[in-house]
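One structure is given below, encoded as structure tokens.
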Amino acid sequence: MSRPVVEPGAVRPGALGPATVTPDDDALAPATPGTTRPDARRLLRRPDRIVKAARADPNGIGGRHLGIGLVFSGGSIAVFLFWRFVVQWASTPSPVPSLAAWFILVIATVFTVAVVQRSSTRMPPWLFAFVLIAGAVVVILDLAGSAGQSYADVYPTAAPAVGAMLTGLVTLREPRDVLAATGVLGALMAFAVLIEDRTSLLSLAPEILSLSLGVIPPLLGVLIVRSFRRMVELELDLVLVQSTVSQPRYAVGMLASEELARLDLDAETLLDDVAQGRTPLPLAPETSSTAASLATQLRLHLINGRTETWLHHAVTESEFLGPSVTVQDPSGLAGLLAPGQRDALLLTIWLLISDTARTASTVSLTLGPIAPSHGAASRKKIRFPIELITTGVPRRRVDPETWQAIRIVGPHVDTIRDGSLRVDIECSVDNPADAQDSQAAHGVQRQLEEK
């Protein structure tokens with residue numbers, strides 16, 4: 001199968017980007033081994049597939065049920081307002097504008113629902129613009145039909161029902177779009193309330209109720225959807241971070257893996273072009289610069305892969321842990337932890353940060369140095385301390401599950417410093433050298449048995 005001709009450094013299908021983008025010298029300089037670098041956290045970005053997963057259409061991860069609930073909530077408010085319109089029909093001198101407003105609102109709602117269903121529960125921009133225009137017409141007609149009639153107990157009904165319609169759109173549009181539309185709706189209704197010529201202040205209460213029915217439901221819907229999306233992003237982040245637990249002692253993370261795949265593809269393309277004669281020798285200055293950039297980035301990835309443990313990747317590749325957690329592990333001791341200890345340590349960090357999400361809490365981890373061992377039995381184990389220092393994490397707010405996870409990592413002593421928690425864990429792991437000797441001995445014994 002022949003290869004497609006691709007210029008060196010260009011984006012090919014499956015590649016993440018061109019190789020000609022060379023970061024500056026400070027960014028290319030490797031960090032101190034075992035140190036989670038603050039500037040590295042700023043440079044790191046999630047791969048596209050992770051961003052798509054975190055910002056996926058919520059209809060596929062429970063958002064459909066949330067949207068249905070909001071639609072029914074808005075529908076209930078609209079039914080109540082329509083009932084109010086029917087009740088005050090006899091008292092309305094000219095109900096035609098309000099009736100026309102309700103007719104337009106119903107037609108717009110039915111049309112919107114039909115288009116959204118045919119668009120796989122998505123709302124294109126043109127449809128949202130149509131809803132806004134229809135809503136503006138409804139508000140103007142209804143406010144005009146009820147203006148100056150508070151003495152007859154006639155109040156807007158179709159105008160606040162526009163807010164009920166916006167409530168059902170919260171899961172289909174960005175929150176800022178719904179908030180902006182709700183703000184305009186509230187401003188128009190508030191202006192109508194202020195300029196109303198009323199004979200008694202008692203007529204102000206029903207209009208405040210109408211204003212609240214039009215503004216509060218969309219605001220609550222936005223708050224609920226934001227909380228739901230935040231919860232989903234946190235759960236996805238935790239699942240992605242937990243995937244680092246199964247890595248070997250030193251390995252590259254998800255971001256580096258995809259970057260290596262891109263570099264490998266670009267390098268393979270360049271070498272293939274040279275081998276097939278599509279790129280003449282000697283290389284042009286631009287092509288030489290591309291090759292040098294590829295070589296530099298590959299060397300840096302090889303160096304980083306020898307100093308970064310799973311814990312480093314778990315922290316730096318997490319949008320939740322990255323800004324709040326620092327790790328000092330110059331000897332790469334986190335890579336020696338057993339799978340159960342790794343999972344427990346990661347869960348401890350996660351719970352300490354998530355339990356105090358509303359405060360400026362931080363966690364600092366320092367692993368090592370290795371404690372001296374005495375005796376033949378103790379040489380089979382490696383003991384080292386893990387110092388966990390927090391800020392903004394009071395002991396009384398630590399979840400009991402956190403203490404259970406700490407016990408899995410090892411025996412611990414907790415103290416309070418300046419109102420924050422500090423935990424010193426004594427960790428014991430199998431000596432990798434002893435494990436290699438055991439494997440070698442088993443291999444020799446197996447060979448002798450075969451002979």
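Residue 1 is the first one shown; counting continues down the chain.
Cβ coordinates are placed from backbone N, Cα and C, and glycine is handled just like the others.
Look at TrEMBL and you will find 1-39 (among others) tagged as region 'Disordered'.
Under the heading transmembrane segment, TrEMBL lists 65-87 (among others). Through the fold, the transmembrane segment (65-87) approaches residues 58-59, 98, 102, 121, 155, 157-158, 160-161, 163-168, 170-172, 210, 213, 217, 221, 224-225, 228 of its own chain, all at least 6 residues removed from its boundaries and within a Cβ separation under 8 Å.
Annotation source TrEMBL lists transmembrane segment at 99-116 (among others). Through the fold, the transmembrane segment (99-116) approaches residues 82, 85, 122-124, 127, 130-131, 134-135, 137-139, 141-142, 145, 157-159, 161-162, 165, 172 of its own chain, all at least 6 residues removed from its boundaries and within a Cβ separation under 8 Å.
Annotation comment: TrEMBL describes 128-148 (among others) as transmembrane segment.
Counting only same-chain residues 6+ beyond the ends of the transmembrane segment (178-195), those with a CB under 8 A from a CB of the stretch are 132, 135, 139, 143, 147, 156, 159-160, 162-163, 166, 169-170, 204, 207-208, 210-211, 214-215, 218-219, 221-222. Per TrEMBL, the feature transmembrane segment maps to 178-195 (among others).
A Cβ distance under 8 Å defines the sequence-distant neighbours of the transmembrane segment (201-225), meaning residues of its chain 6+ beyond its ends; these are 58, 63, 66, 70, 73-74, 77, 80-81, 150-151, 153, 155-157, 159-164, 166-167, 170-171, 175, 178-179, 181-182, 185-186, 189-190, 193. Per TrEMBL, the feature transmembrane segment maps to 201-225 (among others).
TrEMBL lists 432-451 (among others) with the feature region 'Disordered'.
Remote same-chain residues near the transmembrane segment (128-148) are listed as 92, 94-98, 100-102, 104-105, 107-108, 111-112, 154-159, 161-162, 165-166, 169, 173, 177, 181, 185, 188-189, 192, 196-197 (criterion: CB distance under 8 Å, separation of at least six residues from the stretch ends).
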